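A.B. asks: Just passing along the structure, written as structure tokens.
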Amino acid sequence: MKKNTKISVIGAGFVGSSTVFALMNGGLASEIVIVDVNKDKAEGEAMDLSHGAAFVKPVVVKSGDYKDTEGSDIVIITAGAAQKPGETRLELINKNYNIFKSIVPEVVKYNPNAILLVVSNPVDILTYITYKLSGFPKSRVIGSGTVLDTSRFRYMLSEHFEIDVRNIHTYIMGEHGDSEIATWSLTNIAGMDVNEYCEASCKKCDGSLKYKIYDDVKNAAYHVIEKKGATYYAVALAVKRIVEAILRDENSILTVSSLLEGQYGIKDVYMGVPSIVGINGVKDIIEVPLNDEEKNNLTDSAKTLKESLDSIF
């Protein structure tokens, strides 16, 4: 990892500020710039975070405008409007499209060589919009995708099986949203297919249990929002993990939102799929062997995203 790494975060809300906190704790940057339309909010977050500088690796955290982001290695976009009660998904997309039309050109102007990491929702749609607005190669425009959803899936499986979450391997793929799919056919524990492990461990693993776990994963954000108003800690850790893979050139396989160009029979859509992530962004997309039901569900997820995109482009 290079010594002097600069990261800029656009958006000083819950997700943006939590992301900066996670990046600081991970020692992943020597400079972090926070930009927000509310300059006082950005300045306040930078001050608060900077006051903890004595407890982490050397890092300068400051607020600024787009000019101050110049020379960033990675620009993380967390800004955007939140969905209001009664507001349709399409209305939210159009609102955020207009916001991104003001953000992305400014980011590109000062950071022509940066990797753009989109976190704002709906993340797959906004990552595609960022790709189109930026003119960057697809490898350098990435969405947080289903990295968090995959972590939620592994966690819930670990709770059921009473196994360390790090020893459970599986993916959530597709849209970061209601049409996402769980790859049960690929789920393995201790090198065993999940069904084999169920038999070996005498744990319940029937269709109803699988559906409940999948449903809990899919609706996890709604449950958290109902309890505390917003989700931000776990997504910040997911973003930190993606940034880590990029800066350390790990070639890690993460379900980031990547541009599909024929993989899985899907074209011209950004969605969460297993991708090799390294110093230059997305190095490659891995086509994992899904069963027929999973393939069909992934295709349906892509159609859902495509319909939203067709309303804009």
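Numbers run from 1 along the shown chain.
Even glycines carry a Cβ here, placed using N, Cα and C.
Since this is a predicted model, take the numbers as computed values, not measurements.
Got these off Swiss-Prot a minute ago, pasting:
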- H176: active site, proton acceptor (ACT_SITE)
- V15, D36, K41, Y66, G80, A81, S102, V119, S120, N121, S144: NAD(+) binding site (BINDING)
- Q83, R89, N121, P122, V123, D124, D149, T150, S151, R152, T231: substrate binding site (BINDING)
- R154, H169: beta-D-fructose 1,6-bisphosphate binding site (BINDING)
- Y222: phosphotyrosine (MOD_RES)
A.B. asks: Measuring Cα to Cα, tell me the gap between H169 (beta-D-fructose 1,6-bisphosphate binding site) and V15 (NAD(+) binding site) in whole angstrom.
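C.D. replies: Between the Cα atoms of H169 (beta-D-fructose 1,6-bisphosphate binding site) and V15 (NAD(+) binding site), the distance comes to 26 Å.
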A.B. asks: So among the recorded positions H169, H176, who's got the most Cβ atoms within 10 Å?
C.D. replies: H176
A.B. asks: Based on Cα distances to Q83 (substrate binding site), point out the closest of the binding-site residues V15, K41, S102, S120.
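C.D. replies: Comparing Cα positions, the candidate nearest Q83 (substrate binding site) turns out to be S120.
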A.B. asks: Closest to D149 (substrate binding site): which of the recorded positions G80, S120, Y222, going by Cα position?
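C.D. replies: Among G80, S120, Y222, Y222.
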A.B. asks: Any idea what DSSP makes of S151 (substrate binding site), helix, strand or coil?
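C.D. replies: DSSP call for S151 (substrate binding site): helix.
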A.B. asks: At a 10 A cut-off on CB-CB distances, which of the binding-site residues S120, N121, T231 has the highest count?
C.D. replies: S120
A.B. asks: Going by Cα-Cα distance, which of the binding-site residues (G80, S102, V123, R154) sits nearest to H176 (active site, proton acceptor)?
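C.D. replies: Minimum Cα distance from H176 (active site, proton acceptor) across G80, S102, V123, R154 lands on V123.
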A.B. asks: Cβ-Cβ under 8 Å from V15 (NAD(+) binding site), same chain, 6 or more residues apart: which ones?
C.D. replies: T78, V119, Y232, V235, A236
A.B. asks: Select the closest residue to Y222 (phosphotyrosine) from the following binding-site residues, measuring between CA atoms: K41, G80, N121, S144.
C.D. replies: N121
A.B. asks: List only the single closest residue to T231 (substrate binding site), chosen from the binding-site residues S102, S120, R154 by CA-CA distance.
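C.D. replies: Sorting the binding-site residues by distance from T231 (substrate binding site), the top entry is S120.
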